[in-house]
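Here TrEMBL flags 911 as active site, proton donor/acceptor. Among the features that TrEMBL reports, active site, nucleophile is placed at 935. What TrEMBL records for 839-959 is domain 'L,D-TPase catalytic'.
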């Protein structure tokens, strides 16, 4: 280490000596020393400004240089352009003002005036010529910022419309508490007049409630903001209140109903009672049913003061009162009585249950009737213990001493065996009984049907409905018995199945091929054979007597032999070799093919592409994958023969990917034109502009249906949910995206000049109409002429909703066949009409009504009875021919005196009819059976007015 240090020191000293020698040697005039350079100079392909031979940075002759170039940009906080200070311009997001410095204060940036701080449109409090203000993006705040509502940069105080509704603000907050406005001191909750409870006191529209108010749950009567208790006065007079409701309760033992002392039937919460002076009444009183006797507010039921009452009326007995039946001596009944419905046996007025003696001796009763029921496990029939066949309500049984009998007994069928009251159908001591007798025929013993003889399952020959048969243990013999073959009890010659075994003609179990009557099968020991066996075709494999067509131990057999060709294995067709689905080259009817697991190869195997077993050069689909010319799954745009698609790994791609147009979104190999996660893509890119999304055309921004200002081919418009704005938004009225001054229809709503839906009369440019919420009004409404009925914005003239109207006022016209237009009363679908200001009589035969009109005003509307169907009243337009008093009207078989007679057509006229019942004139169907001979019958009490207000020549319209 020491040697290295000494060497280095020596080297430095040597170099210093050489430098001194050279300097001293060349201090003569032959050495040129360069002076400092100032000015512009080429350096490579660029010109630079030098000072003291260096590229200059700094100010020189009112220009600012940076590294020998005119300054362009911000240096030392100042904006320069070509070396000069630049003003009123943005660099990045910083705006530089007139001094070239980041702007502070109000500046016009070329698009609008903004308030800047440090070059940025200011957000937050700032001070300008108007004092301290709140700014948002360089503008006075107008709206909510951080929950504070500002107007012209100041937190608002008082009533303001925040774009949704009017609210009362304090320091920009919707105010809660007491404050004064033009209505005086009010209580506010979240900027609205209080309509709620505050500290237990209810406020209505900002004031302490002192009347009926809805507190959000129900209507209550308040006094000083509290639900009132005690007497108070409202529009119904003096009432008693409990918790703000009319009292419906007892107060000091007096019952109040709807705030008044009860004096009628009222429900006191437990039941209905009849009250007098607030007390449940005792004694006689009168209600809607007349005079009644009451006990504790209820109709008297029972004996009071030695008298029997039912529902408050005195009774003579033979009636139920409170569930007790009283006899004619008004005593509770004992014995048999007819209660009006049927006869019952009573004890102390109750239908008796238990033992008692009547004319039939000691009997058992249930609810006043002879018992037909079980009592303590004993069945009674007609009041006595059962000893025969009886129906116990579930079925008929044979009883003995009231019990369902088991054992032998005699009934109408002789001696029978019973079990629990039913004929025995079971084994008893090894003997089978059927329907109570020892079985001697086919019977079901509960397990199966058997042929019995003397109660035993029969063995040997026997005769049944099918004739003589051989039986074994109660069944037809099936098999070999005594060296003979039997089938269903009949001796057989073979070639048939018996108990699942096929017997040949020698009555031996079959071996080999046999036709069993259905088809040919290969049998062994009488069974359809499964396994290997030899027949005329050599060794074959059988399954259930047929050549095998199935897999056996993994080997497929076809027609009994191991498969070596195309075979259907039950799931599909496969190419087999030695019973296995073949893989490799093989030859079938289509020639040489490559197989994989019994199918033509489709895909890449051993580096080669196969389609349907043949080698392919690509540009084709194989198993749903599109392969390109390099026999690789396609990636990118390819024409698959039907169209161009964008593929990834051989599949038509869905998702984001990059092609020649940049990053695109694909669906099914095509540019996406649909919504993806709520974003709409058009031609593969996030939509910006007008696009049809499949439902309609919308204007999109960033894939969303745009709301706000934007520019399309029609210029700047205001959009709402992708459509031109039509309606009020943000306190402004828009039509087709342009701000509107109103007096126009928008979406079927007519907006007036105040830019709100019209209410009242307005000229829509076509005519004057009466509007409600922007719609031509139909229904009642009030204008300067009072309440009127409107139809489509006009005074109603005609028949609407079952009523007739003239200039919006209801008039009592005929019916739905009549209407008024242009001052004329007309009949629908008819030429008949008359002026409203005329005098006439209208008679409707369908309505059975008569209207008397004078000067267009209906002065009478009454019911009539017209001619019966066999002699109908004539219809048409007529006039009164005469007016006559006290006449006898005569016709075939009748002569009737009438006080008033007004003929209008031949023998047809209008007259009183004292023979018709009063109800006939209010029943529009009465004329069908009780009608006149053709005249118009009028009730005598109405005819005088009709007669006195009519005159000869007056029109009569009958329809």
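Yeah, the Cβs are placed from backbone N, Cα and C, and that goes for glycine too.
Those TrEMBL annotations? Automatic predictions, nothing curated.
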Those active-site residues listed as 911, 935, and which of them has the most Cβ atoms within 10 Å of its own Cβ: 935
Alpha-carbon distance [residue 935 (active site, nucleophile); residue 911 (active site, proton donor/acceptor)] in Å: 8
For the domain 'L,D-TPase catalytic' (839-959), the number of residues DSSP places in helix, strand and coil: 18 helix, 58 strand, 45 coil
Arithmetic mean of per-residue pLDDT over the domain 'L,D-TPase catalytic' (839-959): 92
